[in-house]
Amino acid sequence: MAATINLSLSPLLSTTQTQSNRISTTTDLIKSSKNLNEIKQLHAHFTKQGFNQDPGFLGKLIAKCSELGSYNSMEYAQIAFDSFCSGNEEGYDNTYKFNSLIKGYSLAGLFHDAVLIYVRMVVECVEPDGYTFPLILSACAKDGRFFTGIQVMGLALKWGFGDDVFVLNSVIHLYGECGEVDKARKVFDKMSERNLVSWTCLICGYAKSENAEEAVALFFEMVEEGVMPNSVTMVCVISACAELGDLRLAERVCDYIGKAGLKVNSVMVNALIDMYMKCGSMDKAKRLFEECVDRNLVLYNTVLSNYVRKRMVREALEVLGEMLSCGGPRPDRVTLLSSISASTEMADVFLGKQCHAYVLRNGLANWDSIGNAIIDMYMKCGSQEWACRVFDQMSNKTVVSWNSLIAGFMRNGDVEAAYRTFNEMPESDLVSWNTMIGGLVQQSMFEDAIHLFRVMQNEGIKADRVTMVSVASACGYLGANDLAKWIYNYIEKYEIHLDMQLSTALVDMFARCGDPSSAMKVFNKMKERDVSAWTAAIGAMAMEGNGKRAVELFYEMLREGVEPDQVVFVAVLTACSHGGLVGEGMEIFTSMKEIHGISPQIVHYGCIVDMLGRAGLLKEAVGIIKSMPMKPNDAVWGAFLAACKMHKNEEIATYAVDMISESSPDKAGIHVLLSNIYALGGKWTDVAKVRMSMKERGIKKNPGSSSIEVNGNVHEFTSGDEFHLEHTNICLMLDEMNCRVREAGHVPDLTNVLLDVDEQEKEFLLNRHSEKIAMAYGLISTSRRHPIRIVKNLRMCSDCHSFAKFVSKVYHRHIVVRDNNRFHFFQGGLCSCGDYW
């Protein structure tokens, strides 16, 4: 039943009362009103008493409606105001009423209406006062109406409020909320008088514009000038500390809560818990959460989202359980987003379905973000059919919904469905293209990724940093150096921000394309470098065969205080292996556990076995294999067998054969190496046994292939290839090459033909290796000043290596070959590997 108030006011409103006493009574009654119904009753009553056109009465009525700050109260206030204006032709000072309406609309979140009231005020030539401009500037700030705010600011200057501290504070607030924090700082610096609000507005502006360091620095500058913070200041600066993740700095800031004598309210508790969790002090956050008596929904959501972000899913579910079972606040869409993310992280489709059911029961399914999260959850849990069902039932399919579905298809390897969905989209955005291109790269469909990127360019869509990271990765795997240079030029031309991730991708791209000098140029230009950037640079040197420089970079990284991870150790140990730096490699390997506290994994042991094996230290390599805390995998055995083959040590290879028979890895490379070792020793019966075993197990050897990029097109050749359009010219060039390199002293190494055929047949087969065909095509298709760049899918054989050295000398060409192990840079009859590979 609606509340009523006692309107039996005859003693108070008798005719003997003075007009001023009656107005005073009405004012008191309006102020004491608790809701809109009471205001309406009072309005009706006093209208009968003849007060409906009294300016003072209407002003208090509108102010009270505005104080309630709801849609209905503002609608009523507007009607009352319009009625008053239409019934009074005489001019009244309406500034107070206009200010009340602007304030009320802002409180109700009806910022557009607040601006319209201000416009009406200007049109009706109502003079603003010192309250008008702060109120309307605040409304513009909250609604992100930057340009409207600028116009208001211009009028404030015109009316002489340019030095008003309250107006200037509102201008700083506007700039800060709209991301123009540099302009806010200029206003702040020019202020002749500042108060706490001035400092707080700028600190909050810095914090919201991701300038957390500036926010904290300004806070300390403020307290040094003797200005103590209030609770709003503390919440802003604590949030800035949370973004920085610096616990020590955060605790210095928090000391001022006590120094300023502030009471810790629920908003500050929420900020403190968020800060502690983001700074990694989970125990302090948990203790503060447990001590908090008034745990509201915002606090629960903060704790849940942080646990999920930290991948502490069990703890997140415990908090959710407490929230649901102990009479806690009713979960909202933010709660559900965290809960769905938790089930996604755990790949727990049962929990995900429970969340989905709660969403349906509580009418939350219409929120786009919830639907998109559920699609993502089902996709990551492998329930693609359920994801599609949720998508089909969505009433409002946004671009994000389509993108979530595409990303799920790509993640599950269903490229065809991803393409189909992408083509069916009514409207795509840059994220859609990035999702497709990135997905193709993840599926190792590098040429398709580059093709789609070109389609994107043809449609006039400008790429961003995310696009270029994927494209650079695809280019790197293809080894297309001309494309790599074009990509770099594209980034410079369109001024795409080179952040640490994109710069690292470019370093890796140039390194994989056999252009280590360009890779290092990008690396040296980087202002910030994380461990991934250093890893890419060390990898570039490893691929080039410059092990010494790779080791120098590793120690330089340590001197700069960058903590190494498992991946960078793989890169530097690989560099030591390729460079024959056994002593340096063993020292770095030992330091992993003893100095850096990183337990070597099987990949690190594989690097050491490879390094010792290349150096001919096969017995030491066996010792490492025996001492490994885990079972050797095919990569370890592959490295060891390759070393046995290289050094023609059949005796030690026998040990590996016995061990491989026990572990029985089904990798083709292992069996091919075994077959090759037997073939080198002329044991053709054992060769036949290995090949028969491969056939029985369904293991197929990858055919050797080499590709070369000419004029932006990639041409791929297999051994003995006869299908290229330029086949005749390639054969003529091969014959010429063989004659010229033989005259220069090259002697074919027939041991690389591991077949039981005569020597003439061996020499013919040797001359038709895929890298030689690619070299011949490069000679007839490119100019002398253009390097010949070849990508080989298998390890380069010793004869092709020697052949390439002679070709580089005889034809005066720079030849770059990337095999599945490293780069070889041939020039003037020499190779960058120093014949050590």
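All residue numbers here begin at 1 and follow the chain in the order shown.
Glycine residues also receive a Cβ, built from the backbone N, Cα and C atoms like all the rest.
Listed by sequence, the residues of this chain that lie at least six past the ends of the repeat 'PPR' (94-128) yet keep a Cβ under 8 A from its Cβ atoms are 55, 58-59, 62-63, 65-71, 73-74, 77-78, 81, 84-85, 135-136, 138-140, 142-143, 145, 148, 152, 155-156, 159. The repeat 'PPR' annotation in TrEMBL covers 94-128 (among others).
For the repeat 'PPR' (164-194), the predicted model reports an average pLDDT of 90. Per TrEMBL, repeat 'PPR' is recorded for 164-194 (among others).
The repeat 'PPR' feature in TrEMBL is assigned to 195-229 (among others).
Annotation comment: TrEMBL describes 265-299 (among others) as repeat 'PPR'.
TrEMBL lists 398-428 (among others) with the feature repeat 'PPR'. Here the repeat 'PPR' (398-428) has long-range neighbours at 368-369, 371-372, 375-376, 378-380, 382, 384, 387-388, 391, 435-436, 438-440, 442-443, 445, meaning same-chain residues at least 6 beyond its ends whose C-beta is under 8 angstroms from one of its own.
Counting residues 6+ beyond its ends, the repeat 'PPR' (429-463) has Cβ neighbours under 8 Å at 399-400, 402-403, 406-407, 409-411, 413, 415, 418-419, 422, 470-471, 473-475, 477-478, 483, 490, 494, 496, 714 in the same chain. According to TrEMBL, the feature repeat 'PPR' maps to 429-463 (among others).
Long-range neighbours of the repeat 'PPR' (499-529) within the same chain, counting only residues 6 or more positions beyond its ends whose Cβ lies under 8 Å from a Cβ of the stretch, are 465, 468-469, 472-473, 475-477, 479-481, 484-485, 487-488, 491, 536-537, 539-541, 543-544, 546, 557, 560, 562, 789, 816, 818, 823, 825. Annotation source TrEMBL lists repeat 'PPR' at 499-529 (among others).
The annotation repeat 'PPR' is assigned in TrEMBL to 530-564 (among others). Within its own chain, the repeat 'PPR' (530-564) is flanked in space by residues 500-501, 503-504, 507-508, 510-512, 514, 516, 519-520, 523, 571-572, 574-581, 584, 588, 596, 598, 818, 822-825, 832-834, 836-837, which lie at least six positions past its ends and keep a Cβ under 8 Å from the stretch.
The feature domain 'DYW' is assigned by TrEMBL to 745-837.
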Within the repeat 'PPR' (265-299), residues counted as helix, strand or coil by DSSP: 26 helix, 0 strand, 9 coil
